[in-house]
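What follows is a short report on a single structure.
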Amino acid sequence: MCGIVGGIAERNISDILIEGLKRLEYRGYDSAGLALINNKNILRERRVGKVINLEEAAKEQHLNGHIGIAHTRWATHGKPTETNAHPHISGKVAVVHNGIIENYVEIKSELEQLGYIFVSQTDSEVVAHLIAEAMKTHPTLFNAVQSIVPRLKGAFALGIVHADHPEDLIAVREGSPLVIGVGIGEHFISSDQLALLPITNRFIYLEEGDIAHLTRTSVEIFKNHGKERIERPTKELDATVSHASKGEYKHFMLKEIYEQPEAIQQTIAQALNDNALRDDFLSDAVTSFQNIDQIQIIACGTSYHAGMIAKYWAEQLIDLPCQVEIASEFRYRSPVIIDRTLYVCISQSGETADTLAALRDTQKRAKDKGLNISTMAICNVPTSSMVRETDHHLLTLAGPEIGVASTKAFTTQLSALMLLLLKIGQVKKRLAESQLTEIVASLWHCPKVILDTLQHNAEILRLSELFVEKQHCLFLGRGTNYPIALEGALKLKEISYIHAEGYAAGELKHGPLALVDNEMPVVILAPKDDMLDKLKSNMEEVQARGGELFVFADEHSGIANKERQHVVDIPTVNPWLAPIIYSIPVQLLSYHVAVLRGTDVDQPRNLAKSVTVE
Ligand code: G6P
């Protein structure tokens, strides 16, 4: 999704802005641009495609300036062309914008009547012209920006510079993330702190409605659309630059798949002693847990699949009703907000627009009705909006996830969800001590089981060759492995572009069986659990129609290789944690198929890592 980088310094910041954009590439984009102020002129370059194209252009033109803004664009309004790329310019004003200006049509026609000529199809261009118009009646760039922000409807983050005001960089946050990087005698802005890590680890997080005025030596923030001065704290991060490097791996996705043992170890270590939950784990949430009768999970994409598994766990393990819903549906269907409910948002980024909006809407409705609810974020980014806006949070300690297809974020979400449910079960006395001890032991063992599962990589690579020419694929699982079937299908389609569907195996005969012929690969997730015999019957149904089976099965499940049945033995695992382990082979399968098909594994077409617009 779109990315913003900007800065004001004594030195030339052209390379810093480009490096920042490169660090945002993982989010997905289709064009890039930058504008620098030099000698009271705006120097702008924009290019379709990768940041490297922009970098070459900037080098050729010897772009140089101590203040500027840069952008990667993920097209929403208007095709990915150079004219639609940011920054947009109106006279002496240059603007980069993330998000959507919902009322741009109305503003555009007003501005056209005033004589402004629009050159792009974007919603963003109105902002540049509005500010240019406001500069006629306002003494400073800040005042001009402050006057136009209330006109804009929608979600946006803005970076603004003006050729005649080379000492002022203006930043606006309203619904799209924006952070200020604090350097020594220099300041930067970005939609993601990751872009700025090579130059600083000190950040100020803007809140919704903030407008910031940055000079080389000062930062002034005003809340409520710039009306009231406010001090926001500067936070120091310990994240290091090396986290965002591929190291010895060919792709971030592969690196992140292999990081899962460590990521899970870190995530569980914050909660567990040798054989129990630590007393201080989620201690701030104990009263909330005592006061809930059910859980409602809200999430998108892969995080939603994690939520689906938690529903099985919550109801089977601690007898607590649990609903899970896609945030983009939840937020618009006027759901009844229920008293004594824990609302859990699951999100890698903590900035997904639909999940955030669903959370805020829930909080507002609960407040209006005087309901007693609690909110919680399960999130990988400690500084994110979701973490800041919920009553409680549980961090997944996966480290930065760069590949658009989520891997380690997903399995750490599952680990965190299990920890959360163990804690709730303990607080509400719905969990036998022996069961708690058993699951804690299995969680500690999980990183080792993942390592053993990763040993099957070469075998999975060989199987992936049989998928390369396929057009379609089915994934089947039962119980907690039904969501893994959905996740496997999502992974395959998003990075290899093969059409894939995940189904609960019991649903096979209600439709998808009609698709099965000898061209259809069917992936089966077969841990050794109570549903195994039923799953074996489903496999027979596929084979009887000529389908080719690819089975990830427990080594003791009694499923053997035979003609058109390829079996990869997965180490035996406690059935409660099987979905964590069975995620690994489907991730590897999708990865290898995508590599063999030559797609852009880390940045698949049309997709974004952090979806900050609806
Ligand atoms: C995008 C990403 C997915 C992710 C989803 C939800 O679609 O490509 O990998 O699962 O957003 O993101 P979140 O950050 O809320 O988990």
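Cβ from N, Cα, C; glycine included.
Whatever TrEMBL says is automated annotation, not expert-curated.
As given in TrEMBL:
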- CYS2: active site, nucleophile (ACT_SITE)
- LYS609: active site, for Fru-6P isomerization activity (ACT_SITE)
- 2-217: domain 'Glutamine amidotransferase type-2' (DOMAIN)
- 285-430: domain 'SIS' (DOMAIN)
- 463-604: domain 'SIS' (DOMAIN)
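Across the structure, LYS609 (active site, for Fru-6P isomerization activity) and the residue listed as 'active site, nucleophile' are spaced 10 Å apart at their Cα atoms. Counting only same-chain residues at least 6 apart in sequence, those with a Cβ under 8 Å from the Cβ of CYS2 (active site, nucleophile) are ARG27, TYR29, HIS71, THR72, ARG73, TRP74, HIS86, HIS97, ASN98, GLY99, SER191, THR612, VAL613.
When secondary structure is read from DSSP and collapsed to three states, the residue listed as 'active site, nucleophile' falls in the coil class. In the three-state DSSP assignment, the secondary structure recorded for LYS609 (active site, for Fru-6P isomerization activity) is coil.
Residue counts of the domain 'SIS' (285-430) by helix, strand and coil are 69 helix, 28 strand, 49 coil (DSSP-based). Every protein chain considered, the tally of other Cβ atoms within 10 Å of the Cβ of LYS609 (active site, for Fru-6P isomerization activity) stands at 23.
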